[in-house]
Amino acid sequence: MVNSKTVVSALALSALAAAAPAPSSTTSFSINQVAVKKPAIHPAVKYAKALAKYHAEIPSNVASAAASAQSGSATNKPTADDEEYVTPITAGSSTLHLDFDTGSADLWTYSASTRGVGSHSTYDTSTGKKVSGASWQISYGDGSSASGVVYKDKVVVGGVTASSQAVEVATQVSSEFSQDTSNDGLLGLAFSSINTVSPTPQKTFYDNVKSSLAKPVFAVTLKHQAPGTYDFGFIDKSKYKGSLAYTNVDNSQGFWQFTADGYSIGGSGGGSSFSAIADTGTTLVLLDDSIVDEYYSQVQGAQNDSSQGGYVFDCSADLPDFGVQIGDYTAVIPGKYINYASTGSTCFGGIQSNSGIGFSILGDVFLKSQYVVFDGDNLQLGFAAQA
């Protein structure tokens, strides 16, 4: 049976192929996200997943709220968001919907033989060449894990081909992954130094195609409640206002990590600097406790609710904007974006604690307000407000 996701991706890929430039030594392209239906997921589940990704200690109240939601025993059921946005690619002959993740460096997906594959679309391994002796494994503090083998195959994203891309194929996955039907795996866009393939780490798609791009950059335009785009090889001035504010990247841990020069709440500045990671693979914004507490002190009725796993408030509450200072530029998250999701009787905040991991995570709640340029050659990030 052909599902709607397959039809959408086939149409999207054919349209992209028609619009894409012919491959050359220097090229550029855009690829659009597509919408897929997703089940209702309590925001505490996503919060726990984000902490686990960075091996942070998951507070007991967050773990409890997430477990209750996943077991179906939660008192308050979340309202289902209609859609989630993923990006279509081809690996060999297979069309896959992947989550493009600037917080990891593995391209991994499912095959028909994956234990726990569920309803995911799968990669046809017959088109690839298995890498002898290579394996990979990821495991997180929330108990989720995946592991498998590695193939080399042609991977096409938009108008550019990586002719020998490592495709990490899961042989087994935990229930946390198999039950998440919103994507068919990840395409990591962090630095190749944190790729998990053993004994020899593999290059990311970006590193493999970077030399063929007109400019060695990619840019991200995520959207609030709408599909976004990823631009490779060029900067699209029509997608942002004013000038890009650049800041240096510290990639020593393999992430797109930088120092924010301060923060503001409701337009009032003065907050101290903090280290942060730009991460398209994390939904929420995770900050130091002191900043989180300061923010919600400005929201009438907000409370850190242990039963919900984080800060909640009345859904009609007026939330202040949150600003991240980058040089002379303030990247502003509109307050309405921070009203992340309903838990039934209250709404869950898009800003939550980073559980003391030593840096902040600026996930989609932040990125959906910005046009962000990722420049791996010059080790810098550029930010501007979306047009």
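Any Cβ shown, glycine's included, is placed from N, Cα and C.
Listed in Swiss-Prot for this protein:
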- 1-19: signal peptide (SIGNAL)
- 85-384: domain 'Peptidase A1' (DOMAIN)
- ASP101: active site (ACT_SITE)
- ASP279: active site (ACT_SITE)
- CYS315-CYS347: disulfide bond (DISULFID)
Rank aside, I only need the closest one: which of the recorded positions ASP279, CYS315, CYS347 has its C-alpha nearest to that of ASP101 (active site)? ASP279
With the cut-off set at 10 Å between Cβ atoms, which of these active-site residues ends up with the most neighbours? Options: ASP101, ASP279. ASP279
Between CYS315, CYS347, which of the disulfide-bonded residues has its C-beta surrounded by the fewest other C-beta atoms within 10 Å? CYS315
Cα of ASP279 (active site) to Cα of CYS347 (disulfide bond): how many Å, rounded? 23
